[in-house]
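Lifted from TrEMBL, the feature list:
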- 6-120: domain 'Tetrahydrofolate dehydrogenase/cyclohydrolase catalytic' (DOMAIN)
- 139-280: domain 'Tetrahydrofolate dehydrogenase/cyclohydrolase NAD(P)-binding' (DOMAIN)
- Gly165, Arg166, Ser167: NADP(+) binding site (BINDING)
Amino acid sequence: MSAPLINGKQVSEEIRGALKGQVELLVKQGLTPGLAVVLVGEDPASQVYVRNKEKACHDLGYYSEVHRLPDSTSQEDLLSLVDKLNHQDNIHGILVQLPLPKHIEEKAVIDAIAVEKDVDGFHPVNVGNLVIGDDSLLPCTPAGVIELIKRTGIEIAGKHAVVIGRSNIVGKPVSLLLQREHATVTMCHSRTANMKELTKQADILVVAIGRANFVDASYVKPGAVIIDVGMNRLDNGKLAGDVDFESVKEVSGPITPVPGGVGPMTITMLMQNTLIAAKRLSGLV
Ligand code: NAP
């Protein structure tokens, strides 16, 4: 029997609907959430992501600014733009689209973003707050993963969650958030021995590797919740996850498809973070 789908597109639309209602009320009180997105260079995928963010802002009634800078932009000029945005009152969230050109040090740029406007959740202070369990702006994709698991109605507390992948932007923060929800978490990576023995114990399996269709049914405990973060472009132009959806759905519990699973949640959580940042900066929460 096929597992139920976790429909990220639908969940995302529900959350955006709720955000839109909140924004309408805030605008009446004189507060319009503002997001600045900075894109350096011509990377085609980044251009698509930035256009989608601009559109999401427009649809939800946010103020948005997109700064499209040439590939030759110096680190100094980028840092002065970030500094300007840090001090701009109508901007509550700043996102510098990654990756940056090689001559710019990403860490220097992330560190320069005001912590309270760091809606990507990548600033070391926000990461540190996540580690110690303090309030912080959460990284968008990991926050989306947790939201999708919660929407299945399955209790996370007490479950064994296995996360494959330990990157700073997905695997590590997902593991921390699952621990915060009281799961027992095992992290796997490229050096993990006997990975299948571990993944087959998982009640919740989150996969963020970056290898198309890597996890097949032989990795999965029957009934497990499967969250596929992977986005891999195949030679035929189609998008594939890290999970072999067709085989896994025959044994798993609720499962995210690719596309239409985690992907749509990332921008939605960015919009949510921008609203949170706007309220905090305006003293409303
Ligand atoms: P990444 O930085 O390349 O990290 C990949 C992780 O997977 C590493 O920790 C690596 O282990 C591990 N890994 C690689 N091969 C493995 C193997 N054979 N067995 C076990 N672990 C293995 O990638 P990422 O940025 O986390 O992204 C992961 C995937 O998520 C990509 O497909 C990316 O496109 C996608 N993604 C999607 C969204 C979204 O919005 N849906 C957002 C971000 C990323 P080591 O640490 O040992 O090298």
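From the backbone N, Cα and C atoms, a Cβ is placed for every residue, glycine too.
Around the Cβ of Arg166 (NADP(+) binding site), the same chain contributes Lys172, Ser175, Met187, His189, each under 8 angstroms and 6 or more positions distant in sequence. Around the Cβ of Ser167 (NADP(+) binding site), 14 further Cβ atoms fall within 10 Å across all displayed protein chains.
The NADP(+) site is defined by Gly165, Arg166, Ser167, and by the 8 Å test on Cβ atoms against their centroid, the other residues of the chain that qualify are Val163, Ile164, Asn168, Val170, Gly171, Lys172, Met187, His189, Ala208, Ile209.
Within the same chain, residues at least six positions away from Gly165 (NADP(+) binding site) with a Cβ under 8 Å of its Cβ are Gly171, Cys188, His189, Val206, Val207, Ala208, Ile209, Gly210, Val229. With DSSP classes pooled into helix, strand and coil, the tally for the domain 'Tetrahydrofolate dehydrogenase/cyclohydrolase NAD(P)-binding' (139-280) is 52 helix, 25 strand, 65 coil.
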